[in-house]
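Engineer: Supplied in structure tokens, the structure appears directly below.
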Amino acid sequence: MLKVFNTMTRQKETFEPMTPGVVTMYVCGPTVYNYIHIGNARSAIAFDTIRRYFEYRGFKVKYVSNFTDVDDKMIKQAKKLGITVPELGDRFIKAFKEDTAALNIEPATVNPRATEHINEIIEFVQDLIDKDYAYPVDGDVYYRAHKFAHYGELSHLKLDDLEEGASQHTADEETARKEDPVDFALWKGAKPGEISWPSPWGAGRPGWHIECSVMSTHYLGDTFDIHAGGEDLVFPHHENEIAQSEAKTGKTFVHYWLHNGFVTVGDENEKMSKSLGNFVTVHDILKTVDAQTLRFFMATTQYRRPIQYSQRNLDTAARNLERLQTAYDNMGYRLKDAEGGHDPKTDQEVRQIVANYMDVMDDDFNVQNGVAEVYEVARLGNVYAERPVVFAGTLSFIRKTLTDLLSVFGVELQEAAELADQDIEDLIAERIAARKNKDFLRSDEIREQLKNQGIILEDTPQGTRWRKGN
RNA sequence: GGUGGUAUAGCCAAGUGGUAAGGCAGAGGUCUGCAAAACCUUCAUCGUCGGUUCGAAUCCGAUUACCACCUCCA
């Protein structure tokens, strides 16, 4: 029984999709005015991992993730770069796709852009006005937060408390136009020179929250299973989405709200964000950090926990990954002299580990316990691969189990490369001969020489083998 | 000020009542001509104080520290 932690109820709940076997999920994507930072990557990795686990468990997943390609930041950045807003969007959507591909994030079923749904947004806003949940003022349209009875339920905030907080920001002219400081914009009138679309309220652009209400319901229906994003989106973004969507449809918007924790950076353990200026882009990181290591590091931290991004943690992840790859190689090496058939007892042990894996992963995607089971598969595989007699069926079964479980984390193990260099092969042959003659001086010399070329030699009961390394 | 979260070994990190998973690092060992890889063994009483209980990391109260949200942000 799969359980997920629902932000709405602050509890783990049994996950029951609306349609058996099918998961509909919407993940808030980035505003595409820059390269994504590692916080964006964390969110994308966390929910990609969750998606992969659903798929591993046999669900079909409809995964929708948007691009916010028009808002104040987009307009500002486009102006700064001297390009249009659509050009800016194109540029960083392309960069997003490159970065996420490097991190082995599965492409979404649909990646809608806000600007592709302007007409629907206008209709949606008009509907809210017709229902008296919204009102136009001087080219803007605002939502009456107080009118929506459930406002604040997701974030567990009270409107009265919000007003106090909002009171610190009442100075700006936008607030002056609102009936109430907690009201939020559905549509923003354009200032001269800004990108805009015609609407019944004049030329303008969508407010931030409305696009997600429109696109999520457009692709997934008025009600869908999972809506996800960073925990900073709980308020106001997701709260406002609920208010908009449920006011319009009169139906429950989303069954399960999932939110990922932050990435922290540096000694202060401080939240990393674009606004704090302490962010690191994936684009830059991947110049020096192995993408798969970063993926493994983030995917094996439970999505609700904070992640401390540090070199030390990355190094540990790299070693862990190497260990798993080595286990895979160790088993692959024995495939050469394995006998046909299976070892039923070992197969059974592997199946037990897989059962444990699903057990812990079913508990709100407890990847830390999940990866512990993966290490157990690796250990078992290493032990098995050292047996004098091994069976190919069992070796393959363990190897496949290892790759299957790891692919949930978005990690792909590599088959050992074939040695293509004749000189190196000759040296290895010479060393084997030297060892037979107990000429260890020469044999160690060759081993050292190859090590300097990045080839590590290992003598096993089945003969000498090599691998790349340092 | 309001709300929520976190505090477990050198590091990362599981664990919601019964004598602390896992990984990295460290130590010892097996294997090896020596290595490497692997395997085995070993390494904490759970921020502080108090309470409940036969028994608490796990429940309650207090306290300290850190983080986040209340404003754009994954």
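Start at 1 and count along the chain as shown; that gives each residue its number.
Backbone N, Cα and C atoms are what each Cβ position is placed from, and that goes for glycine too.
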Engineer: TrEMBL lists motif ''HIGH' region' for one of the ranges A:30-40, A:85-95, A:327-337; which is that range?
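Structural biologist: From TrEMBL, the annotated motif ''HIGH' region' range turns out to be A:30-40.
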Engineer: Please identify the range among A:136-140, A:176-180, A:271-275, A:436-440 that TrEMBL labels motif ''KMSKS' region'.
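Structural biologist: It is A:271-275 that TrEMBL describes as motif ''KMSKS' region'.
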Engineer: Measure from the Cβ of A:CYS28 (Zn(2+) binding site) and count the other Cβ atoms within 10 Å, all protein chains considered.
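Structural biologist: For A:CYS28 (Zn(2+) binding site), the count of other Cβ atoms within 10 Å is 22.
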Engineer: Mind checking which residues of the chain, 6+ beyond the ends of the motif ''HIGH' region' (A:30-40), have their Cβ under 8 Å from one of its Cβ atoms?
Structural biologist: 67-69, 71, 73-74, 76-78, 88-89, 91-93, 95-96, 99-100, 230, 262-263, 265, 272-274, 279-285, 294, 309
Engineer: Can you count helix, strand and coil residues in the motif ''HIGH' region' (A:30-40) using DSSP?
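Structural biologist: Going by DSSP assignments, the motif ''HIGH' region' (A:30-40) contains 3 helix, 2 strand, 6 coil.
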Engineer: Can you tell me the mean pLDDT for the domain 'Cysteinyl-tRNA synthetase class Ia DALR' (A:356-420)?
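Structural biologist: Averaged over the domain 'Cysteinyl-tRNA synthetase class Ia DALR' (A:356-420), per-residue pLDDT gives 96.
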Engineer: Specify the count of other C-beta atoms within 10 Å of the C-beta of A:HIS237 (Zn(2+) binding site).
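Structural biologist: The Cβ of A:HIS237 (Zn(2+) binding site) has 19 Cβ neighbours within 10 Å.
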Engineer: Show which residues of the chain containing A:GLU241 (Zn(2+) binding site), separated from it by at least 6 in sequence, have their CB under 8 Å from its CB.
Structural biologist: A:HIS209, A:CYS212, A:SER213, A:SER216, A:HIS227, A:PHE253
